[in-house]
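**Student:** Annotated substrate binding site per Swiss-Prot: 12, 13, 44, 45, 76, 77, 186, 187, in sequence order, evidence recorded as sequence analysis. Residues or ranges marked as active site, proton donor/acceptor in Swiss-Prot: 75, 185.
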């Protein structure tokens, strides 16, 4: 098999990275994708750094053994902790994801920018460096959201539980003064509709899925690794939990409009 015909690997701590996979499949419809969700060990956002590194390398080895030509680390926490180590150890294009703060700043008209993310993403040096670029000129507030990925892992993406969780998190803010909300975890796009409801559609909601997918395409094109055959690609999903319910949920989220 030529390198062009090999699949693209996607990895996340659970089902969240499927939000990025959806964007990538739209942008690269001829490609085959292998997705590995580590729901057995989710969430990563409250774990120790060394544990996240070990789990990320395990997932990467799983996908490398399947013959992938590129890897997308579709997990903000794993990206912030492990991306440099991965690039040093594997000789394929490796694309990470980080909170889409730059587009939020570019769209900002003087309001508050809120970054929703896991506690670990917000605590990492990579995030601090990102904040340093803009903190002098922008009103940016990190909002840790522990427990939210766990709800989404259970398939709870709407309804009273999600609404009340978000209502509580945003109760301290004046919706009129929020310019943008950056979704700094790949699980969060699945609760975007409820988030709009809670914030009365006042804020622009931004996630990094499109930017990450565009970077994936750019790197594959520059390396002459894009699939050329005129065909419709396929998506195959694996999960460390190895039960039918989590695989069914994964495909359901992938097909969710």
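Cβ coordinates come from backbone N, Cα and C, glycine included.
Thinking about packing and proximity, how do these listed features fit into the structure?
**Tutor:** According to DSSP, residue 186 (substrate binding site) is assigned to coil rather than to any helix or strand. Of all Cβ atoms in the shown protein chains, 32 besides its own fall within 10 Å of the Cβ of residue 186 (substrate binding site).
The Cβ of residue 75 (active site, proton donor/acceptor) lies under 8 Å from the Cβ of 11, 12, 13, 16, 17, 44, 56, 97, 186, each on the same chain and at least six residues away in sequence. Taken residue by residue with DSSP, residue 75 (active site, proton donor/acceptor) is part of neither helix nor strand, so it is coil.
For residue 185 (active site, proton donor/acceptor), the number of other Cβ atoms no farther than 10 Å from its own Cβ, over all displayed protein chains, is 29.
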**Student:** Using DSSP and three states only, what is residue 12 (substrate binding site)?
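**Tutor:** Reduced to three states, the DSSP call for residue 12 (substrate binding site) is strand.
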**Student:** Where the distance is taken from Cα to Cα, which of the binding-site residues 45, 76, 77 turns out closest to residue 185 (active site, proton donor/acceptor)?
**Tutor:** 76
**Student:** Give the sequence-ordered set of same-chain residues, not counting 12, 13, 44, 45, 76, 77, 186, 187, with Cβ within 8 Å of the centre of the Cβ atoms defining the substrate site.
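**Tutor:** So the extra residues in range turn out to be 14, 16, 17, 42, 43, 75, 78, 118, 121, 149, 185.
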**Student:** Can you tell me how spread out the substrate site is, meaning the largest CA to CA distance among 12, 13, 44, 45, 76, 77, 186, 187, in Å?
**Tutor:** 12
**Student:** Cβ-Cβ under 8 Å from residue 45 (substrate binding site), same chain, 6 or more residues apart: which ones?
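**Tutor:** Listed in sequence order, they are 13, 77, 117, 118, 119, 120, 121, 146, 149, 185.
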